[in-house]
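Student: One structure, as structure tokens, below. Some questions next.
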Amino acid sequence: MELHQLIAHKEKRWRATLLVMLAVLLVLSALYLMVGEVFLSPFSSLSSFEHKLLVDLRLPRLVAAMVIGAALAVSGATLQVLLGNVLAEPGVLGISGGASLAMVIALFLLPVMPTPTVFMLAAIIGALVFTLILVGMARAMHLSTSRMLLVGVALGILSGAFVTWAFYFSDDLSLRQLMYWLMGSIGGASWHHHLVTLVLLPVLVWLCLQGQTLDKLMLGETHAAQLGVDVHKVRWRLILAISILIGCAVALGGIISFVGLVVPHLLRMAFGSENRFLLPLSAFAGATLLVFSDIWARTLLDSAELPLGVMTTTIGAPIFIWMLIRSHDAH
């Protein structure tokens, strides 16, 4: 088979996988809207209560699951290229913790209860600060994979310590907000909160279109510059985009870990690392994973609803350990 035929075959495989993932997402979305404490049949007319349940509760929650999953997966894929580390992930590297810490600071320092817009801005600033710290240390100190993970874990522990301190100075309402962020949950998502989504979606689409630029960056800064990439400008734009996505995701659903690690890594293993296809596929796969996880979170127990962050950690942590062992064996 000639080179152009191989390339055409690979592109056809990417597109077929993208269509399959989209179909799976649509099926899971339909299932998501039907199942719950009250089953909504697609073959019968809905009562006024069922219609309100569908439109005001399940539909905004479904949209939240999809946009958060897509944002985290695409952020993880981009961060892995930016840091040159396949184990990079917003939750593991402490960036999500930085976003939650900034939201806690806003919660306690502002004289009134912050609006979703204020929480979103605080989360974006927190994510940006922690991303800059991590990228700056990685570049200045030439950190290895293990050391970069340790720095990320340390940043996460630091932010977690401050958030834990906040427990002891919070009233009942603030305590519920803190628990919501720490465990990761979209149970409180409503259309009012989707102002955050209006900010997130354009950035997500823009980042998904940066695949060719990321492919050039993977060749190294020198080769990327020779191919016409303004490396410095592109790097800062990517950092800002990642911070906005992570900040919005944390503001909407709290800290949800491992989506940005597991999804891009498994897709790279299965289909290769061509980012112009990997990024859109990561978005659909991340959305699919979070919708699937939230279905289980809502239905696994009869008496209670599990936090979404617990479900993604249960799925992602064993895969992360396997990836660490595999990375060690490769070296």
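Backbone N, Cα and C define each Cβ position, glycine as well.
Under the heading transmembrane segment, Swiss-Prot lists 20-42, 62-84, 91-113, 117-136, 148-170, 190-209, 240-262, 277-296, 303-325, citing sequence analysis as support.
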Student: If you count every Cβ pair below 8 Å, which range out of 20-42, 91-113, 117-136, 303-325 shares the most with the transmembrane segment (148-170)?
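Tutor: When the Cβ pairs under 8 Å are tallied, 91-113 comes out ahead.
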Student: Should the transmembrane segment (277-296) and the transmembrane segment (117-136) be scored as in contact, given a threshold of at least 3 Cβ pairs under 8 Å and pairs 6 or more apart?
Tutor: no
Student: Tell me, please, if the transmembrane segment (190-209) and the transmembrane segment (62-84) are in contact, taking contact as 3+ Cβ pairs under 8 Å between residues separated by 6 or more positions?
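Tutor: Result for the transmembrane segment (190-209) with the transmembrane segment (62-84) is yes.
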Student: Six or more residues beyond either end and a Cβ under 8 Å away: which residues meet both conditions relative to the transmembrane segment (117-136)?
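Tutor: Here the qualifying positions are 82-83, 90, 93-103, 105-106, 110, 148, 151-152, 155, 159, 195-196, 199, 239-240, 242-244, 246-248, 250-251.
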